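As recorded in TrEMBL:
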type	residues	note
DOMAIN	224-278	domain 'DUF2179'
TRANSMEM	12-30	transmembrane segment
TRANSMEM	50-71	transmembrane segment
TRANSMEM	78-96	transmembrane segment
TRANSMEM	111-132	transmembrane segment
TRANSMEM	153-174	transmembrane segment
């Protein structure tokens, strides 16, 4: 396990802030209305209904049990920040129970409680993840399943959440189970937005006979870098240019408008990119990236290759 000494102050503050937000959404909106979703929150709400111990105590026991299972089956792969988040989660919740006791949810409408609670919790989770930390939880069970079975990690976490949802439906009824399902979907969407900075980028690939004009527009008007390949049509054998670039949403509108003016027959396909780093994004196009000099000289051997063109 990563030593707590390696955690810097900024990381610790972000973990504390994120965990506080998670606790706030859980305490005021989710738990009082029994809107149990997946993860440790769902497990704890079910156990709370069965056992009757203070929620903060059950939450701590559940998280520590999952962490112990992770260390046993996966190895000491969980950083000190995970341990900090687990402790703070229970401490913050216990403080709320002692200082601001409540008898019911803040809002009367369950949908309002669900949206507000999940949104606040998801912002908190995204903050913790962006600090390079983890909240532990059922992700640990997902990792265990992934290690010992051929099931992918994302699917493993989904299976765990579905099992929790099944128990929620048995304990609180189908309505609460459906609310929980909506909550899980909403949570994942918001966390993704927070982790990507809320600014999704798009990778655009353009195949056109007018590559020069399109490339100039991307470079000079959109101020984005491009990668160009020479190609030819597999059927027509007509020479074409393949241009690949990464742009934001507003640039997309301008690029489509320009393509319509220059080449209405241009082939265009777009894919969403969750994270981008490099020229034009993490440093300016005119700014040279910092290159580290190698400590030792490495002998190289020149290999001659023939240039080849890609076929579309």
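Each Cβ is built from the backbone N, Cα and C atoms, and glycine gets one as well.
Nobody curates TrEMBL annotations by hand; they come from automatic prediction.
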Considering only the recorded stretches 50-71, 78-96, 153-174, state which has the highest number of Cβ pairs under 8 Å to the transmembrane segment (111-132).
-> 78-96
So what's the mean pLDDT when you look at the domain 'DUF2179' (224-278)?
-> 87
